Amino acid sequence: MAKKRSTKTRRKMPASRLWFISGMTTLAFTSLILRMGYLQVVQGATYRTDASNVAVVSTPVLPPRGYIYSSNGTILARDQYIYDAYLARVPHVHQDYRKMAELLAPIFHTTVQKLLQKMNTSPLSPQVRIAQNLSYTAISYISEHHHQLPGIEIQTDYVRQYPLGDLAGHILGYVGPITPQNESYYVNKLHYLNNQTVGETGIEAEYNKYLEGKAGYEQYLIHSNGSVKSLGLLPPPQSGDNIQLTINSAYQAEAQKIVSDFIQRDDVMRYEINSASAVVLNVKTGAVLALVSYPFYNPNWFVDGNLMKHEKYLNQTSALIDNAIQSPEYPGSSVKPANALAGLETGTITPNTIVDDKGYLKIGNRIFHNWYLPGFGPVNVILALEHSDDTFFYQLGMWFGGWTNQHYPNHESYTQWVKTRFVKAMDTIFGWEYKFGLGQLTGIDLPGEVKGQFYEEDTKKNYEEVPYPLLKAEASMKKYGYFNNWGALPDLAFADIGQSQEFTPIEMAQYVMTLADKGVKYRPYILKAIYPANEVPGAPGSKPIYTMHPKVQARIQLNPKDLHAVYQGMYLMANAPGGLLYQGGFAGSPYHAAGKTGTAQIVLNGKRVDDSVTIAFAPFHHPQIAIAVMVPGGGASTTTASHIAHRLFNAYFEMHHEYFPQSQWLSDHFQATAWLHSFAYKQPEEGVLP
Amino acid sequence: MVLACLDEMEGRCFVETLRRNIRDMDFTVLGVLVLLAVYSCVAILAATYGKTDVGLPKHIIYRQILFEMIGWIAMTAITLYDYRSLRKNYWWIIGGAGFLLLVVFVMPRRNGAHSWIPLGPFSFQPSEVAKLAMIIGMAVFMADIDESEVPDYSFRRVWPLLIMFIVPFVLTFKEPALGQALVLLAIFVTMYCVFAKRWHFVMLIFFTIALVAGIGVVAVMYPQESTKLIENVLIKHHLLHSYQAYRIITWLNPQEYPLSYGYNIRISQIAVGSGQVFGEGLFNGIETRGNWIPNQWTDYIFTAIAEEFGFVGSSLLVLLFLILCYRLIRIAGTSQDSFGTYIVTGIVALIAFQVFENIGADMYLSPSTGITLPFISYGGSSLVIDYMGVGLALSVALRRKKLRFN
């Protein structure tokens, strides 16, 4: 075998091929050595220099946030350019933090200890911010002493500013750092950087994704001697979009002035009003023209680092709550137009149905008084609305439940009645209010809206007020024909005069706007349009990337005759000498409004007080705006709310140069100086604390 | 001589053979390997000195010394083992390597690739085994053809060679480990060069040169267009992973992505160049100490040597590799059978290609593909496999044809 193999091993083993392979290997390795020689010997000195320019550090560059404009072009929120000092950690360079801190501490108006602490935070990150919003002295000191301060760099940053202070503060909201609570949303889901600023409340939060923009990166070449050279932005940051609101800054300022000035009047001061709100809607679209929540707060407090100074004020006044969308209150008689329509549309009454008001109605063994003790005598629905007659609506409420002549219908027992006829009646009253937007979210584009609530008195719980689940009751009635609950007999009377429900001012505004629109229910909204980062709303050539369109949420079918009766009542209330609105300020207006007042008994700080409410729209014949005003603790409707509403109408028409003589016209240009000197601007700063 | 030995007791025969052959042992190879081991340990120390990277293994130098010891033991064992037995047992090796190459795909990804099989505190790279297995498999097949009654070198007969190459190549490429796949290609081409008929050899060389020159000329003359071709064809159709393609793009045009894909190339070239003639000194390299070079203890180990020991230190390293390759080629030439020749040729190809590719990438001479520098880079799998490869060569050397006069 062995022999055979040796003979069969063909060709003298491939020596030539192996030579070829050695040749190739030699060639390859020689080229390596030649290349080394070129790089290390010939070019070595150049590379040795380059070696010091070693670090390419990329630092995030945050984009400027979009501006917020009013509908008439006033800047409500903007990003201000500031200078910050950073410490870049440079390898191979001896950085004596203590020595640098000693030099810089007096410049930054801080102590060496505090500065050192900042310099030593997050030791692994390539750079750390050590001072914010540098003064020009600090900037020039750093540039002059650069050689003593290796790695100290000045960079630009942005801070949010609200140039008009508390003007529309509740609408705008404010921005802040990403918190542990919203970190999972912004950082994990949207991939924001941890140091990005985000909207915390208001429009800033609602439209954060447009305002935010996108972070970019600046690439730096760090030299071993401590100097830093920028290689440019890769990718550059994308500025946030600009947002325009439906709010008119001049009108919003006027509205805030009207509310705060009126509450501060000597004769009103005695009511100790803690809060108030007013909403003005464009009847044709649902756009919010002004939205006032008193007391005011200044969103700048949350971005300028002086929040501590204002904490006491904020805690004691709860000024951070946007009462207009977050504070449901008893509406009182202002729900009567809806309830009257419920009666008319269900055929429970006709426009000619008469109730003889003797000043009270006896229900069971209890007496329920009209607010006007002598009573108005025989009234129909129109007069009942004009005078806000309680007796009429007590009676209507009881009729809904089939309760006539002090008797349950068909000699039913209470237990049987409360599960069926009572529920049907409550569902009729509350259901019609619900149709108009009361007791449900309006869908306004602001975060944190709270919805109103319906109540009944629980006979099993000593007549304690408990929530009445309207939708559940309706569903149960439909499915089983009954709904288990322990409501009290007079609940129907209470509900019909607005003492068994709580609604927010925005709900009330949507309700009166829907009345003015003959049953067409628009969604209230604040965003007018979104513009690209570099375009100013209203400037020639600027084009929005998004425009909000009015949205009809529902169309309520109403018999024109019924609506006419209700309109008449609401018209007389504002225009007839017997009407409460007429008496409460609307007398002699050059325009004709229609509306309804409300005075509800509420408990505030342990005291029994009144919630002063007014809803109204004007002009009566071609409605332009609808207004809702609620002042808990403001006394009767005609003491505060109706006056505020009246002034809001006046201001609107004076700005629109309608009805009023030219001498009384107001400019619709925003008067910044006047605003900055107004009490409404200074109010949160000076405080309304006792 | 061999016949005489057969008459004696087996044990004595073995010792006698060893005693006689110990003089035939290639001490130059062993000496070079000792020097390379010293280089490796010093370079790893330099590349990891004072660093606290997340991916940096703890006690890296002790682990490397342990791998060196395992490598030397494995090499010694294989040297004493008669390589000719592989001709009977090669299916076990090929089957085992193929199995491991498949198993690796169900392992968790590390650095984006299915390249590792975890084994307790260590992990292991099947593509390293695949290289050795392919060498053995091809060598057996080539030797069988050489020794057949009527040697037939036409494609009709030699196509299984292509299968032996394509299967591991595709599996490795899919891991993805582009570098390892290219090593397989280099081994295949080199072994086939030695095996092929003259005419085939000429054709192969001609086409290889034409292809390399063609790509080179086009790439140098039209870097923009080449870049576009890669982006629009290779990446779009997923022929290459985008990071692999961008390594080639940055090699064509280093200015293209200076901060992202081009960073490694730029920074390693600076590190090499700044070493100058005598280097910046141990633990003194600006780039090395500053930890600017990613994964410096594995794929970029050469930059540590070049920066801290300069031209003198790095050219000495290349010379050591050149000596090693020469000695191995000598063994290939003096093998008693063509099987030994092919094995050693494959091992030379493995070492030489990896050295050129790895060091070349650091100096902007070849595209960076992510393979280790044999005997120097940190890592057990590649080190032990390299030692086993040299062990096979030494096994061939011990049994080479030689006139003996005792």
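Positions of Cβ are set from backbone N, Cα and C atoms, glycine also.
Per TrEMBL, the feature transmembrane segment maps to B:27-49 (among others).
With a cut-off of 8 Å between Cβ atoms, the residues of this chain six or more beyond the transmembrane segment (B:61-83) that come close are 18, 33, 37, 40-41, 44-45, 48, 339-340, 343, 378-380, 383-384, 386-388, 390-392, 394-396, 398-399. Per TrEMBL, transmembrane segment is recorded for B:61-83 (among others).
What TrEMBL records for B:90-109 (among others) is transmembrane segment.
Under the heading transmembrane segment, TrEMBL lists B:129-145 (among others). Listed by sequence, the residues of this chain that lie at least six past the ends of the transmembrane segment (B:129-145) yet keep a Cβ under 8 A from its Cβ atoms are 86-87, 90, 93-94, 96-98, 100-101, 151-153, 157-158, 160-161, 164-165, 168, 171-172, 180, 183-184, 187-188, 191, 195, 337-339, 342-343, 346-347, 350, 381, 385, 388-389, 392.
Residues or ranges marked as transmembrane segment by TrEMBL: B:157-173 (among others). Sequence-distant contacts of the transmembrane segment (B:157-173), counting only residues of its own chain at least 6 positions beyond either end whose CB sits under 8 Å from a CB of the stretch, comprise 94, 97-98, 101-102, 127, 130, 133-134, 137-138, 141-142, 145, 180-181, 184-185, 188, 192.
The transmembrane segment feature in TrEMBL is assigned to B:179-195 (among others).
Residues annotated as transmembrane segment in TrEMBL: B:202-222 (among others).
Residues 28-29, 32-33, 35-36, 39-40, 43-44, 46-47, 264, 268, 271-272, 274-288, 293-294, 348, 351-352, 355, 358-359, 362, 372-374, 376-378, 390 of the same chain lie 6+ residues outside the transmembrane segment (B:300-326) yet bring a C-beta within less than 8 angstroms of a C-beta in it. If you look up TrEMBL, you'll see B:300-326 (among others) marked as transmembrane segment.
Residues or ranges marked as transmembrane segment by TrEMBL: B:338-356 (among others). Residues 83-84, 86-87, 131, 134-136, 138-140, 142-143, 146-147, 182-183, 186-187, 189-191, 194-195, 318, 321, 324-325, 328-329, 331-332, 366, 371-374, 386, 389-390, 392-393, 396, 399-400 of the same chain lie 6 or more positions beyond the ends of the transmembrane segment (B:338-356) yet place their CB under 8 Å from a CB of it.
Residues or ranges marked as transmembrane segment in TrEMBL: B:376-398 (among others).
Within the chain, the transmembrane segment (B:202-222) has long-range Cβ neighbours (under 8 A, six or more residues past its boundaries) at 189, 192-193, 196, 252.
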